[in-house]
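Summarising the annotation, TrEMBL assigns transmembrane segment to 12-36, 179-198, 204-225, 237-257, 263-283, 361-377, 389-406, 418-436, 442-465, 477-497, 503-525. Per TrEMBL, the feature domain 'Major facilitator superfamily (MFS) profile' maps to 72-530.
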Amino acid sequence: EGFSSVNFFLSLYRFQACVYFACVFQAMSCGIHYLASVFMAVTPNFVCGIPGNVSSVLFYNSSESSIEDIWTLWTSTENYIVVQLENGEIWELNQCSRSKREVSLDLAYEYKGNKSVFSCSDGFLYDDTKWKSTVVTQWDLVCDREWLAKLIQPTFMLGVLIGAVIFGDIADRLGRQRVIWFTSAGQFVFGIAVAFTFDYYSFVIVRFLLAMVSSGYLVVAFVYVTEFVGIKARTWASMHVHAFFAVGIMIVALVGFLVRTWWVYQIFLSISTLPFVLCCWMLPETPFWLLSEERYEDAQKVINIMARWNKVSTPCKVSELCSVQQDDLVSGRTGDNDTSSTKKHNILDLFCNWHIARRTITVWLIWFTGSLGYYVFSLSSVSLGGNEYLNLFLIGAVELPCYIVACIGMDKLGRRNTLIPFLILSALICVLIMFIPQDFNILIILANMAGKFSIGVAFGLIYLYTAELYPTIVRSLAVGSGSMMCRAGSVVAPFCVYLRSVWIFMPLLLVGIMALLSGILTIMLPETLGKPLTNTLVEATEMGRNKKSCSGKTPPAHSGAALEKIEMFGQETVSTEK
């Protein structure tokens, strides 16, 4: 009891500490690439290009010699600029069209005469006050090509979804070490390659590949570190992976403030992965995976290295561990010779009866809502007014204490009793923001930080809570399906943010409704604090205080000694994905 963040760091032995901090350092690059587009794909103020040299510019009552001097006065997309060319022609420049005045006697802002409307065949003029170059200005992703700009983040998140599935499976087949090597190198290579793409389509394709390796790294690295750290430190270890992801978001804000050209900005962000790429080849494979592949000599070598680093005189013997597991498995089989012990489970087992089905629907909704809220608050932070770089930095920084609160709440109040109030609180904050006047920028930013904090607590603890709600035979299936709902939420989030153009509060309204519904449904979930993990669907159903069991027999639980040994090597790990 009383396990805290300080105790977590003290509980790590020297070897585990080196492995842990090396891996979570690279997790920062995942946070970097996930949110890089908030500045890379910014759409600045713009108007149609002009077919000649400008002699004078008029914007309402302000007359300037160049269009660059007008941008500080630009307040709305409905505005237009009047320019007079050296040949005497007068043009009205809108964002997606331009008009030539038929009568060019006097240069005036208002004009009632005839005009000829033309398309923007000469390109566009962009406000480069804040950003010298973005992917939008590079390839003119405005007007009828605006939808291409809006696909940048959703296609990245689609890559996140696919990458997690592919590399999670590869890590089980080929090992965690190889996947960490490949995905780390991939983040660096694809991150740099993004900066040198030659058109929009190559940019999206390379970013898609970058998303796949970033997602793959985050999933596999989480499993990797949890298979090395001790049981007591596992909850805090998982939370601190999220914390380093948040540090990556803060780095995006800092680099965005310092570098205003998108491809240079992308290079600087990608360089952050280089230190880990240079040293990740030294990381060993996890003993657990080696044991699962029956590579006992290799597992013993890793254990011996761990013992030397940690100055343990009598390291664990693999032969002893295997004998205990084998004895327990044999005794488990002799207790029940039914063929159902080898039954393969599928997604339908998560709906085997009404109580488990209701639990699954609620858990999926929480996963989806957590991811949706997380990215809606993060992506929309640059549109809150004030300094957009500071906004994003604060949205990232507020995550650091929220994970500490989540861990303390889980240990002291329980999983459900922490999840419910923070889901409902996030819904109330979404409603509160709608009533704050738009000129109260500081208050709006603080309220959004509070919303990100509350949804971050719920998002952080759902990983462990899901693992505890389901029995051993379908635990990985439950967490994996929840992760898929999480990634579905991350794909939907950018489109949700774009609904600001329909109504400025539409994203908050959707997140608030989902959070309130999730919070209410969570009341029906059982509390798992202090309860042993269940091994069968019957036990999982009874945990919900209902005696109705699932049809069919389930395999027996392993006996204590073997389960203890298996747990020591981190078998009961939970994959995570932002």
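A Cβ is built for glycine as well, from the same backbone N, Cα and C atoms used for every other residue.
By number of Cβ pairs under 8 Å, the transmembrane segment (418-436) is matched best by 361-377 from the list 179-198, 361-377, 389-406, 477-497. Sequence-distant contacts of the transmembrane segment (442-465), counting only residues of its own chain at least 6 positions beyond either end whose CB sits under 8 Å from a CB of the stretch, comprise 235, 238-239, 242, 363, 366-367, 369-371, 373-374, 377-378, 380-381, 384-386, 391, 394-395, 398-399, 401-403, 405-406, 409-410, 415-416, 418-419, 422-423, 425-426, 429-430, 432-433, 436, 479, 482, 508, 511, 515, 518, 528, 574, 576.
Across 12-36, 477-497, 503-525, stretch 12-36 shows the highest tally of CB pairs under 8 A with the transmembrane segment (179-198). Here the transmembrane segment (503-525) sits apart from the transmembrane segment (12-36); fewer than 3 CB pairs are under 8 Å, leaving out pairs fewer than 6 apart in sequence.
Across the domain 'Major facilitator superfamily (MFS) profile' (72-530), the model assigns an average pLDDT of 84. Contacts between the transmembrane segment (12-36) and the transmembrane segment (477-497): absent, as fewer than 3 C-beta pairs lie under 8 angstroms at sequence separation of six or more. Relative to the transmembrane segment (361-377), the listed stretch 477-497 leads the set 204-225, 263-283, 389-406, 477-497 in CB pairs under 8 A.
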